[in-house]
Amino acid sequence: MAIERTLSIIKPDAVAKNVIGQIYARFEAAGLKIAAARMIHLSRAEAEQFYAVHKERPFFKDLVDFMISGPVMVQALEGENAVLKNRELMGATDPKKAAPGTIRADFADSIDANAVHGSDAAETAQVEVAFFFPGLNIYSR
């Protein structure tokens, strides 16, 4: 198994609930290491650029509005099968359909305010990690 990196964002709803530490504990318990992390308040332009793949979708404006509504915690996670492992930890996009014990089942309020974002594939992860952590500020351990 290869070591991968993936991007995770703890969204404004979960940051406001003060559950960052509980979510980090789940990453670490699953064998994922936090290789880089920072808290930021996205600008509209940053959110639109990051979610540009969804630009033509009907939910794009609401997604951008939500993502700029408060600070987010962004982290690059590293470990074996990091992309899949993080997606399993997150659970289904709709928290009502998320398996019990997943991050979204435990901390999300709705399909929009669903606590976390995670890269959906290794290729996407590379682009997303580079978006938030350009250069050499990621540290393998």
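Every residue, even glycine, has its Cβ placed from backbone N, Cα and C.
Here's what Swiss-Prot has on this protein:
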type     : residues                                   : note
BINDING  : Lys11, Phe59, Arg87, Thr93, Arg104, Asn114 : ATP binding site
ACT_SITE : His117                                     : active site, pros-phosphohistidine intermediate
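A 10 Å cutoff on Cβ-Cβ distances gives Asn114 (ATP binding site) a total of 23 other Cβ atoms nearby, all chains included. Counted within 10 Å of its Cβ, the other Cβ atoms near Arg104 (ATP binding site) come to 23, all protein chains included. Cβ neighbour count for Phe59 (ATP binding site) (all protein chains, 10 Å cutoff from its Cβ): 12. The Cβ of His117 (active site, pros-phosphohistidine intermediate) lies under 8 Å from the Cβ of Leu7, Ser8, Ile9, Lys11, each of which sits 6+ residues away along the same chain. Of all the binding-site residues listed (Lys11, Arg87), Lys11 sits in the most crowded Cβ setting, with the most other Cβ atoms within 10 Å. On its own chain, Thr93 (ATP binding site) has Arg104, Ile111, Asn114 as residues at least 6 apart in sequence with a Cβ closer than 8 Å to its own Cβ. DSSP gives Phe59 (ATP binding site) a coil state; it is part of no helix or strand.
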